[in-house]
């Protein structure tokens, strides 16, 4: 980064700091009361400044015995002993101010087993609020684990308690939070000042976790008419001399009127401050429009869904992603856009203008200078932003005996999937939903139904996956039955996707019958007559011919008998030749044998020289022999 750029950045930072310090100068210290019950001679009531960490016992009180950590024991290190009083009461530990963070003192006190910690001021001054330390790895290890109440007491009161303990007196105190928050009527009004930046580390994570965890409580209170919740977002404005600078342009909308710090504190990388302001404005408009539609509690759904689906960490923090969340929750997008207006216009935005005015405290209400800040009945909440701790504070804001049931029961459950399916995907036809109700709210997660896993984002899509997917609503694919015939675009041979069956065309989600006759894709042979049918076609040939579908041709049905005649003639000719050959063979064989016999006999019977005549017949012997052999 160049020196010029560094200088401009520093100048802008200082200018913004002066603006903030000039506007936000009045911080209200929220208090509890501390009463000395024993010794009776010391009975009196004092104020204590509630710490902005731990868990104040709003609406209640604590009576305990006091112990002192000791001179020079600042509680900056773990105590090597536990503090046990003489009587079976909770222990209230006094620790001197100084040397380390307030929260670390209270943490070490909590580790030693005490029920509450009072930090004794070492300066004679008005009470101040003990705040959490700056974000650091060391502080983050214990700050969220603080579960006990703590407060700062003034220098004079602390010395009074120490002197009594030094004399061996048993000191019993009552710390009372019952009047720490106003409780005028049967409805509690509370506000949460936050922002949409999810890249600011543990503090941003704390805010988002609170919204997710408190959503169930908040929606029950809002739907029942027990509370009136309003979200708020801190913005600054750019000094007039810097409006045209690149820094102001990257951090502000509406010509420098509404600004937020760069989330990465790097003007050349990642998201800009104006992206934060723009989403802050959208979330304000979501609440405004939802409230006009008597659905103000939907703000909690939008914020949690936006964080899940459109986070900066996943590089999805965008207008397009936000609008998809709006539509999934059934909110009128056009009205929200109208509420947002044009962020580039050189005009005031009425919504953000009102936010800047509310940041400045009026009357008994202090300025909003810390994020997050929770305000209950116009008084700032002190303590960690945790579901049960905040619920207890809100419940303490009801007029006595008007508390709703949620304040009287430790268990709470609401089925958020019953309304608009929780903004999740659902298939009404097969009664399958991605909405799962949990104690902390609902989640959108594709289900497993009858052994079939659905896959998708759970918000806009879930599709059955695997070999058995067609058993559930045909895998989400097209399917239709006509005249006893059923066709489907789902195939169990494929683990996903839809494909129209033969005879149909489309994307698988919708399929239409193909008119093979009209498209001339079949039955185009000579003499063929084509008739379209649902899922196929019928082709008939003229005359006595038969249609062959694979070859798209017709053949003669009588052709089989005509074809056999030549074969028969040939076979008959072959048979005749065989018979004739056999007869000729027999004749030739006999003639050959006769000649052979005659030749043999002629050697032994000279027939010509002995040509005698038989007296009985008148024939010669030679003639008789020939007749005999020929017989």
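Backbone N, Cα and C define each Cβ position, glycine as well.
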Write down the single range among 596-599, 600-603, 604-607, 608-611 that appears in Swiss-Prot as motif 'Tyrosine-based internalization motif'.
604-607
Sequence order is fine: just name those disulfide-bonded residues in 435, 511, 530, 539 with a Cα within 10 angstroms of residue 444 (disulfide bond).
435
Sparsest-packed of the listed disulfide-bonded residues (444, 446, 511, 530) - C-beta count within 10 angstroms:
530
Pop the Cα-Cα gap between residue 498 (disulfide bond) and residue 435 (disulfide bond) into the table, whole Å please.
25
Quick check for the class: what is the C-alpha distance, in angstrom and rounded, between residue 462 (disulfide bond) and residue 424 (disulfide bond)?
10
Taking only the Cα atoms, work out how far residue 498 (disulfide bond) lies from residue 446 (disulfide bond), in Å, as a whole number.
19
